[in-house]
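Structure first, then comments.
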Amino acid sequence: MLYREAGQFKTTYAEDMAIFPIHQDRIALAILLGIAFIGVPLLADFDIWPFGSDYLLRAILLPFLILALAAIGVNILVGYCGQISLGSGAFMAVGAYSAYKLGTGVHIPLAWLGFAISIPPLPVLLSILLGGLTAAVVGILFGIPSLRIKGLYLAVATLAAQFFFDWVFLRVAWFTNYAPSGSVNAPTLDFFGLNVGTPIERYMLCLIFVTVFAFLAKNLVRGNLGRQWMAIRDMDIAAELIGIRPLYAKLTAFAVSSFIIGVAGALWAFVYLGSWEPLAFSIERSLQLLFMVIIGGLGSIMGSFIGAAFILILPIMLNLLPTQLGVPLSTETITHLEFIIFGSLICYLLIKEPHGFARLISIGKEKLRLWPFPY
Amino acid sequence: MIALGQFLEVLIGGLMSGVLYSLVALGFVLIFKASGVFNFAQGAMVLLAGLALVRSLDLLVANGFPLWVAIVLGIGFAAVIMAITAWLIERFVIGPLVNQDGLTLFMSTIGVTFILEGAAQMIFGSGSYPLRLFPTDAWFLFDNLFPGGILVNKLDVWGGFIAGILVAGLAIFFQQTKTGRALRAVADDHMAAQSVGIPIGWIWFVVWLVAGLVALVAATVWGTKLGVQFSITFLALKALPVLIIGGLTSVPGAIVGGLIVGAGEKIAEVFLGSYIGGGIEYWFAYVLALAVLLVRPQGLFGERIIARV
């Protein structure tokens, strides 16, 4: 009854092609954004449980936002362009470390030439974005094999990126500014003179990033470029025959995806972790991101958010539930259970609903359109 | 002439550890050949087989069985576990996904990896368990030719020996038995195989079982070398570049690829590592695989991929 588009007439082409053509969708989105932008800070300000505690913001909402952003990046590559990648963690690391280097000043001594290249420390915002850009360049480099190989072979090629960069950031001391322990600290988060320190400020910062990039990504994938990616994904030979250049389409997918993942990596390091070491971006991170995308829905921006939320919240629930039920389980058992449940869910979803939770939601929407009548 | 002796020692050590990579890679190749599934779970299967073996062995020995009885029973128990696993995977994961594209199947095996890792550790414990089936001391060869001789680990020799037997056995199985012929038929064309009356579900079960048994063999050797522990699953990741280099569909390719990777990474580590910071072993195989992919995507021995990209 409530969710019905009858009577919403589109009179112009622009209206018909709007990003959210259904009125109710726009309202729902506005409410959601309102809660995220105004509701959460207000609740936190008035100390209303559970928003008053730092725990929710710091341990759930912050990683959720950043990983959702990374998942959007992965989704562009895997879900929209169909190029499987197991190297997302590496691209996050590239984003994080290049942002770190740019944020703390780059100094390249060229002793044999007799001079050194020095770049003074850049503002944080700029270094995060440039970190994303560096990740994009690296992404293009590791995307080049995708022009000759596909599918599983490409997965192994991206795995090479993962292990190579793990090693680079662990062993090449230049990237960590010769920190003896190998772990580095983020520069102070100074945005146009505003110091972002408290959890709620960090939350707002990430929220802004995520909102902007989600809208950009949503518009990108329904535009010319996104349709090229999807054509390549669905059938590359047919796409080539109708005039899509695989080189251009694939490499742009790698670039855009790595850019977003790189920005997410920089945020993860700067805003969430604060101080980190290469282990933060290991192969487990890559697999986690891939699962978020599969569970949430391949080829869906909204799915990336659902997948990120699900993968983050499931372990927390698994930790809470047994104690609530009075069946104490050891942390080890919980970790193993988590493994089993994740694995089963992935298999189940791949068999029953290959398009993930996002598909379930759109099926729900279809049902809602007719409700309460059967047709 | 320090270089030649040292070089030979490094080369032999590398080749021998390469044999161990080959053991894991063999499991991949078998499944890929017969069902077109790229089995990410092979490393988890090695872990499961190893844990089942070592835990049952410990239990039997603790209960006073003589060692050889314990070993026979333990291997039998682990084999049964692998058979059950193979049946479950075929019945609940791969079976329902018949005719899906390779990517979906690949991702489902990532799911299987997680299930196996979680279940194996929950049932059999998650510590590190030493396994003593093979001698682990070393021989010194040619000490009349080189000062100090060449150090060769007995375990590595055993590993090579076992891998040889395994390959010979698999070759006979594939070429001479009825099931082996059916396997090759299924690999060639699912539909055609089904229409001449080959039960595809049974064949896939056999394939996963054989891969599980290969995993068990790999687990005995690796377990003796490193102890049975969680980190054994990372072997699967090391076996991927081996596959790419050797070719996904070739049994000899898995062996040769393993040898190349093993020898290459040890030599690179010893002779180049000191210049660029060490730890090259970590990524050498992958970068080698990347180079092979760019030049010769089908690998050294693989079938030519006709699909155009």
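Cβ atoms here come from the backbone N, Cα and C positions, even for glycine.
Copied over from TrEMBL, here are the features:
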TRANSMEM  A:27-44  transmembrane segment
TRANSMEM  A:56-78  transmembrane segment
TRANSMEM  A:90-112  transmembrane segment
TRANSMEM  A:124-144  transmembrane segment
TRANSMEM  A:151-170  transmembrane segment
TRANSMEM  A:202-221  transmembrane segment
TRANSMEM  A:251-271  transmembrane segment
TRANSMEM  A:291-321  transmembrane segment
Inquiry  = Short question: most Cβ pairs under 8 Å with the transmembrane segment (A:251-271), which of A:56-78, A:90-112, A:124-144, A:151-170, A:291-321?
reply    = A:124-144
Task = Please check if the transmembrane segment (A:151-170) comes into contact with the transmembrane segment (A:90-112), where contact means 3 or more CB pairs closer than 8 Å and the residues in each pair are separated by 6 or more positions.
result = yes
Dominant neighbour of the transmembrane segment (A:27-44) in A:56-78, A:90-112, A:124-144, A:202-221, A:291-321, by Cβ pairs under 8 Å = A:202-221
Key: Listed stretch, out of A:124-144, A:202-221, A:291-321, that has the most CB pairs under 8 angstroms to the transmembrane segment (A:56-78)   = A:291-321
Note = Same-chain residues at least 6 beyond the ends of the transmembrane segment (A:291-321) with a Cβ under 8 Å from one of its Cβ atoms are 60, 63-64, 67-68, 71-72, 74-75, 78-80, 214, 217-218, 221, 230, 233, 334, 337-338, 341-342, 345-346, 349-350, 354-359, 361
